[in-house]
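**Q** Shown below is the structure under consideration.
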Amino acid sequence: MQSWSRVYCSLAKRGHFSRISHGLQGVSAVPLRTYADQPIDADVTVIGSGPGGYVAAIKAAQLGFKTVCVEKNETLGGTCLNVGCIPSKALLNNSHYYHMAHGKDFASRGIEMSEVRLNLEKMMEQKSTAVKALTGGIAHLFKQNKVVHVNGYGKITGKNQVTATKADGSTQVIDTKNILIATGSEVTPFPGITIDEDTIVSSTGALSLKKVPEKMVVIGAGVIGVELGSVWQRLGADVTAVEFLGHVGGVGIDMEISKNFQRILQKQGFKFKLNTKVTGATKKSDGKIDVSIEGASGGKAEVITCDVLLVCIGRRPFTQNLGLEELGIELDPRGRIPVNTRFQTKIPNIYAIGDVVAGPMLAHKAEDEGIICVEGMAGGAVLTFCLSQGIEYKVGKFPFAANSRAKTNADTDGMVKILGQKSTDRVLGAHILGPGAGEMVNEAALALEYGASCEDIARVCHAHPKLLEKQTWLHHSANQSTFKLEDYIFLKFPGSFCGGHIFEQEMLTAPRIFRTEL
């Protein structure tokens, strides 16, 4: 077995590229102007400006490539920034504040308020302001790094050519040495149910409802459904999630974490119908929706009536009308673009990253892949590391109920679960369920990135009182089990980490951070 310490190898000397900050404020999203009657010559053309696309475009420009980024939408940033994780987290945060003030939490802390009212319009305005500032920030970074932005629908019209069709029907041809597909994903439709983004909504529509529904039904209790459902539940809606599987959190979640997470959400008022499938939905004359359900394995049929139906059954790669068929690039059975370890398709100068290739559909995964991909274009070598033999491991668990900071915060739900290799004590994975998990998981990510042992982390003098202290890392059981390491460390690229099944489940935001491939 190859030593884990030799997983890293030098890819290419990195340019002075720091992770793109989302903190730029007040910059208008003005693209660099191009002339549609003349082709643009480029070294790298990126199709898509989501987290993977815009990071790759900037990195390519910093490595000296003449770079063009083609984006079909008016604003940069893709799903994540415009109608995904960024606006969702804004609503999650604000709904949490409202829930604490409106419920008994503040009163139990001695903070008494005579009247709490929800101004949903103002809450949506704050969300939109944040999104606008961040999309403008990307436009500023493009201008600063001399990335040419072409607004139009990009299609590969040759091995070295991309044609962007603009809103007015005009086209812009880009002659390019390399093409990088970073078109992301789209909402998976539910057969027989038409989304109107008014009362039957996808995740996009759920971020812009005009009023809090009295009753909401969510199809799917995966991370997106639970996250958005919890927003509206905390704002006052009666929310029920219908899930085909027997647990919440989606495929791949640790079952102990899932059960605890479900318990916490139910305590907040979130309702679940597990092992249940939706068979149809009908709009009534009064505007309400009848949702027909039955047991996943058959059984008694039932109808649930709601004001808003949220469809969250997953996402699928967005590859339509890219010109792949004409080039002979076939998709895999799940609609993804097959690539090698350098993210090359069967045509060596055409690459693909992010949601359109295998692995979890996550922004940070796409960012890492984008950097690795363009560094490979610059001549770096990529090492694929994949181990599949059985590895003995031990598990350590620590409940927040035993943590002094959680006690003082009166917020003790959740736990930390850490897996370490039995023979070496190396950190293999971590699960964090509880308040602030989104911040704490980064310590585990750093440990995985640098091959640290559990003892390495435990020996660090952690400040006290904190939610994540050395006791968490010291509590490892002697329990021994065997699993395939590929379940936790799947791909290791030198200079960047895309492996290590870190599952982060934050109680408030319910994001799923699988860094496996994730």
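Cβ coordinates are placed from backbone N, Cα and C, and glycine is handled just like the others.
Taken from TrEMBL, the feature active site, proton acceptor covers His464. The FAD binding site annotation in TrEMBL covers Lys89, Gly154, Thr183, Gly184, Ser185, Asp355, Met361, Leu362, Ala363, His364. Feature annotation from TrEMBL assigns NAD(+) binding site to Gly220, Ala221, Gly222, Val223, Ile224, Gly225, Val226, Glu227, Glu243, Gly314. The annotation disulfide bond is assigned in TrEMBL to Cys80-Cys85. Marked as domain 'FAD/NAD(P)-binding' by TrEMBL: 43-370. What TrEMBL records for 389-473 is domain 'Pyridine nucleotide-disulphide oxidoreductase dimerisation'.
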**Q** Any idea which of the binding-site residues Gly220, Gly222 has the thinnest Cβ neighbourhood at 10 Å?
**A** Gly222
**Q** Under DSSP, is Cys80 (disulfide bond) part of a helix or a strand, or is it coil?
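**A** Reduced to three states, the DSSP call for Cys80 (disulfide bond) is helix.
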**Q** I want to verify one value. Collapsing DSSP to three states, which class is Ser185 (FAD binding site)?
**A** strand
**Q** Work through the recorded positions one by one (Cys80, Cys85, Gly222, Glu243) and name whichever has its CA nearest to the CA of Ser185 (FAD binding site).
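**A** With Cα distances computed to Ser185 (FAD binding site), the winner among Cys80, Cys85, Gly222, Glu243 is Cys80.
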**Q** Measuring Cα to Cα, how many angstrom lie between Met361 (FAD binding site) and Cys80 (disulfide bond)?
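**A** If we compare the Cα positions of Met361 (FAD binding site) and Cys80 (disulfide bond), the gap is 10 Å.
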**Q** Quick one: among the binding-site residues Thr183, Ser185, which has the most Cβ atoms sitting within 10 Å of its own Cβ?
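**A** Going through Thr183, Ser185 one by one, the largest Cβ count within 10 Å is at Thr183.
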**Q** Cys80, Ile224, Val226, Met361, Ala363: which of these recorded positions has the highest Cβ count within 10 Å of its own Cβ?
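**A** Per the Cβ count within 10 Å, the most buried is Val226.
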**Q** What's the CA to CA span in angstrom from Val226 (NAD(+) binding site) over to Lys89 (FAD binding site)?
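**A** That comes out at 13 Å between the alpha carbons.
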**Q** What is the total of other Cβ atoms whose distance to the Cβ of Lys89 (FAD binding site) is within 10 Å?
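**A** The answer is 18.
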**Q** Among Lys89, Gly154, Thr183, Gly184, Ser185, Asp355, Met361, Leu362, Ala363, His364, the annotated FAD contacts, find the widest CA pair distance and round it to a whole Å.
**A** 29
**Q** What is the interatomic distance between the Cα atoms of Gly222 (NAD(+) binding site) and Cys85 (disulfide bond), given in whole Å?
**A** 14
